[in-house]
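Q: Before I ask anything, let me first share the structure, which is written out below as structure tokens.
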Amino acid sequence: MKFKDLRDFVQQLEQRGELKRIQMPISPVLEMTEICDRTLRAKGPALLFEKPVGFDIPVLGNLFGTPERVAMGMGAEAVSELREIGKLLAFLKEPEPPKGLKDAWSKLPIFRKVIAMAPKVVKDAPCQEVVIEGDDVDLGMLPVQTCWPGDVAPLITWGLTVTKGPNKERQNLGIYRQQVIGRNKIIMRWLSHRGGALDFRDWCVKHPGEPYPVAVALGADPATILGAVTPVPDSLSEYAFAGLLRGSRTELIKCRGSNLQVPASAEIVLEGVIHPGEMADEGPYGDHTGYYNEVDSFPVLTVERITHRIKPIYHSTYTGRPPDEPAILGVALNEVFVPILQKQFPEIVDFYLPPEGCSYRMAVVTIKKQYPGHAKRVMLGVWSFLRQFMYTKFVIVTDDDINARDWNDVIWAITTRMDPKRDTVMIDNTPIDYLDFASPVSGLGSKMGLDATNKWPGETSREWGRAIVKDEATTRRVDEIWTQLGID
């Protein structure tokens, strides 16, 4: 099923019983977080708070609170179908030369479809039905959540940030949290390696001292939102990928104050500039680790204009100790990652990011082991192949007789197939999430690889253990008489 905008998605979810309208007045200060957290843990519906206390704009929460709703947002009917999206991305990331004329013809429709999904720029758009400029700009009109008791200020969480580097043809989309610090000021918390920060850095080099235009779209259609958090190849724009998911070209409109292009169907758009050198301390905030992060300095965005639809919806979320929405997104996008990794490493059978590992900090990989040292090659490949795994601290590699998604299996493999000294790989001074306060230096720390595979000659000189396997005939015999035994 495809959705033209956020409202269409909300309507379809409601028809399926996947959205609940909350008509009781609820405060965006702490109360919405508590309600969304309980609902998410119960695998409950998306929530539309129609009467946020002190505001006229309804708040949409827990939108991607189940893997099934993430799959729906990406145009799939089931989570299992996300593997097909992963296969498409794997092909587009590293397309293989055609093996012959027939193979070339078979691949041609894919490239045609990608080309046909180039974004479409329109002259009029719902996101500009209402325009607020200059002294009338007041971010206080938005029901921005204060999620946790120790949060320093309201925090915009689902802002789709649009930037463009001075040396690039294509725009960058990224989701960065933004602390509200005034009527027209927010802090842009983007890490140094992220696309928005790189674009801004290039701008400062090429246009020193000049204000840098930035736009933040709130409440875009689900395909565009999810396209911004998916490992899209550098050769494909997030807007084009969203078009592939949606089955129709992404409609964009030029901002009223810059040449940046934003989703035409977005509910709310913030337009503004970053003045080089204007920085502010951000935080502390409760984040996806379950802890409050330390205070750090980031650029300030001065909002010069707010445009929005008539009767807009404010899309929001919270981050906290898993499970939270980022963890659920990780579970769903895990299925996209598997084919991409398998394209590079065909020996990979499964790949799993346990949600309790804060979405990406731990990975479990099962492989068809083919030679001594194979597990170490795979763990190094995981760390280096996709930028999404740059911050993965622990990689566990097991044989394919282990279920990567069953901790009973994984722990058994670790405790029976590993020698801590021989089978542990430690790498120091590597990039680490700035939110990871356990690292000795902010943004720099170590990684651990655990080789929990059966050891081959060359890896051990001892006779290796032989796993116990039940006798099949006995199992069948007991299956036949089980009900007669009266044990259950």
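Quick reminder: no glycine exception, Cβ is built from N, Cα and C everywhere.
Keep in mind it's a predicted model, so treat the numbers as computed, not measured.
Annotation source Swiss-Prot lists Mn(2+) binding site at N172, E238. For I175, Y176, R177, R189, W190, L191, R194, G195, the entry in Swiss-Prot reads prenylated FMN binding site. Annotation comment: Swiss-Prot describes D287 as active site, proton donor.
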Q: Given R189 (prenylated FMN binding site) and E238 (Mn(2+) binding site), what distance in Å do their CA atoms have, once rounded to a whole number?
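A: For R189 (prenylated FMN binding site) versus E238 (Mn(2+) binding site), the Cα atoms are 20 Å apart.
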Q: Just the number: how many Å between the Cα atoms of D287 (active site, proton donor) and R177 (prenylated FMN binding site)?
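A: Distance (Cα to Cα, whole Å): 10 Å.
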Q: Other than its own, how many Cβ atoms are within 10 Å of the Cβ belonging to R177 (prenylated FMN binding site)?
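A: Within a 10 Å radius of the Cβ of R177 (prenylated FMN binding site) lie 22 other Cβ atoms.
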Q: Within 10 Å of its Cβ, which one of these binding-site residues (R189, R194) has the largest number of other Cβ atoms?
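A: Per the Cβ count, the most surrounded site is R189.
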Q: I need the neighbours of the prenylated FMN site defined by I175, Y176, R177, R189, W190, L191, R194, G195. Which other residues of that chain put their C-beta within 8 angstroms of the C-beta centroid, in sequence order?
A: T161, G174, M188, G196, A197
Q: Under 8 Å between C-beta atoms and at least six apart in sequence, can you list the same-chain neighbours of E238 (Mn(2+) binding site), or say none if there are none?
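A: Result: L173, T224, G227, A228, T230, V232.
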Q: Are there any residues in the same chain, six or more apart in sequence, whose C-beta is under 8 angstroms from the C-beta of I175 (prenylated FMN binding site), and if so which?
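A: When sequence neighbours closer than 6 are ignored, I175 (prenylated FMN binding site) has W158, G159, L160, T161, I225, A228, V229 within Cβ distance under 8 Å.
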Q: Taking 10 A as the limit, how many CB atoms besides its own sit near the CB of L191 (prenylated FMN binding site)?
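A: Summing over all protein chains shown, L191 (prenylated FMN binding site) has 17 other Cβ atoms within 10 Å.
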Q: Which residues of the same chain, at least 6 positions away in sequence, have a Cβ lying under 8 Å from the Cβ of Y176 (prenylated FMN binding site)?
A: G159, T161, M188, R189, W190, R194, G196
Q: Please report the distance from the Cα of N172 (Mn(2+) binding site) to the Cα of L191 (prenylated FMN binding site), rounded to the nearest angstrom.
A: 14
Q: Roughly how wide, in whole Å, is the group I175, Y176, R177, R189, W190, L191, R194, G195 that binds prenylated FMN, by largest Cα to Cα distance?
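A: Site span for prenylated FMN, by Cα atoms: 14 Å.
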Q: Just to be sure I understand the packing, how many Cβ atoms besides its own are within 10 Å of the Cβ of the residue listed as 'active site, proton donor'?
A: 23
